Amino acid sequence: MNLLLTNASIVTVETNDTGYLIKHNHFINIINGKIAQIGGMASCPLASSGKQLDCEHKLLTPGFIDCHTHLVFAGNRANEFEQRLTGVPYQEIARQGGGIMTTVNATRKATEAQLLEKALQHLSGLIKDGVTTVEIKSGYGLDLESELKILRVAKQIEQQANIKVSTTLLAAHAVPLEFKDNPDRYIDYVCNTIIPAAVKAQLVDYVDIFCEGIGFNLKQTERVFKSALSFGLGIKGHTEQLSNSGGSALAAKMGASSVDHLEYLDETGVKALADNGTVATLLPGAFYFLRETQLPPVELLRTYKVPIALATDFNPGTSPIASLLMIMNMGCTLFGLTPEEALRGVTCHAAKALGLAQQRGQIKVGFEADLCLWNIQHPAQLAYEIGTNLLISRIINGVLCND
């Protein structure tokens, strides 16, 4: 829990557009898992207790945060990948009973042990890319016991892996077959049964919903959000991925921490995000994997100074990409972000998307000592190089991890 880092080039990462702010030849003194002191080496204290690590002037950043994943599931959807490549759209696959429902069926049948083993395999890719905090959604159960099963596995991941986990209930991911003729009854079930049970079991931090033509409408979305808020939970939304439904504006006005995807977000929606402090989480992996062409309104987000986060959206159907460094590159090459914006997108802005902006995502005194040491000369290399093992070490709560 106590660790003295010396001879570091610190990339503090600020929430404002201030540049990289690299502090060369600095130390960080970590006490009880928190950053207690930062300064130049000339004023470096002696290591009175705990370990000492010479960073050898390598770059030190905040630990990365993947703020949108569907990490816990069974099976795969490689066959649908083949279908899409022959021209069958994702929406059509979903309407035919494929898509999310394919994964739901497999996940319902799987044991917690099976789900945990598979999730830890997926997580290993994120850990190699410097992820120290990960959000994990449910949404592949769509019934009470299966949704809780997924959330329990997410909690077990935090206990078994060196990582902080934020859990999100996404029971309103799709309408299960048993409710296919009455989606409103399913929303009743989500609001009156699943959300209260998840709260009682202390398994959930946020509630999410897929607000889209093939998902849930605005009225249903509002009902789910109201239920979540009544239990003191945070809210977030899958919005404006395939069409402009107004879900982002609704979520923002109701206090959402983030809205995610956003390819079809318009200026009205962007303004709502800005007015309510909601983070725009972009998911270039899904955009790439689905071969979409509608770009999210990055320039409008910049104009209105909306914080932009980036995440893998790791899932079996639309983004089986367990690399946050790859996502940073995609954010730059596909969406036109700068490498600096991409770095903020997986640190301070991702922390804000999870309600952790005062704890993680920056290198500041009083913050959790979640850090990454990289074998690079400049921060832009993080978004530039693909497939290179850039990470030297992760530090979580002041503990040096040997991943």
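Every residue, even glycine, has its Cβ placed from backbone N, Cα and C.
Keep in mind the model is a prediction, meaning the values are calculated, not measured.
Per Swiss-Prot, the feature Fe(3+) binding site maps to HIS68, HIS70, HIS238, ASP313; the stated evidence is sequence analysis. As annotated by Swiss-Prot, Zn(2+) binding site applies to HIS68, HIS70, HIS238, ASP313. As annotated by Swiss-Prot, 4-imidazolone-5-propanoate binding site applies to ARG77, TYR140, HIS173, GLN241, THR318, with the evidence given as sequence analysis. Residues or ranges marked as N-formimidoyl-L-glutamate binding site by Swiss-Prot: TYR140, ASN315, GLY317.
For ARG77 (4-imidazolone-5-propanoate binding site), the nearest of the binding-site residues HIS238, ASP313, ASN315, GLY317 in terms of C-alpha separation is GLY317. Counting other CB atoms no more than 10 Å from each candidate's CB, the binding-site residues GLN241, ASN315, THR318 peak at GLN241. Rounded to the nearest whole angstrom, the C-alpha distance between THR318 (4-imidazolone-5-propanoate binding site) and HIS70 (Fe(3+) binding site) is 11. Put simply, the two farthest-apart Cα atoms among TYR140, ASN315, GLY317, the recorded binders of N-formimidoyl-L-glutamate, are 11 Å from each other. Under the three-state DSSP scheme, HIS173 (4-imidazolone-5-propanoate binding site) falls in the coil class. Look at ASP313 (Fe(3+) binding site): DSSP puts it in coil. For ASP313 (Fe(3+) binding site), other Cβ atoms within 10 Å of its Cβ number 28. Between the C-alpha atoms of HIS238 (Fe(3+) binding site) and GLY317 (N-formimidoyl-L-glutamate binding site), the distance comes to 15 Å.
For the N-formimidoyl-L-glutamate site, the Cβ centre of TYR140, ASN315, GLY317 serves as reference, and the other residues of the chain with Cβ at most 8 Å from it are HIS70, PHE73, ARG77, ILE100, THR103, GLY139, PRO316, THR318.
Within 10 Å of HIS70 (Fe(3+) binding site), counting CA to CA, the binding-site residues TYR140, HIS173, GLN241 contribute TYR140.
Between the alpha carbons (Cα) of HIS173 (4-imidazolone-5-propanoate binding site) and HIS68 (Fe(3+) binding site) lies a span of roughly 14 Å.
In this structure, the C-alpha atom of ASN315 (N-formimidoyl-L-glutamate binding site) lies 10 angstrom from that of HIS68 (Fe(3+) binding site).
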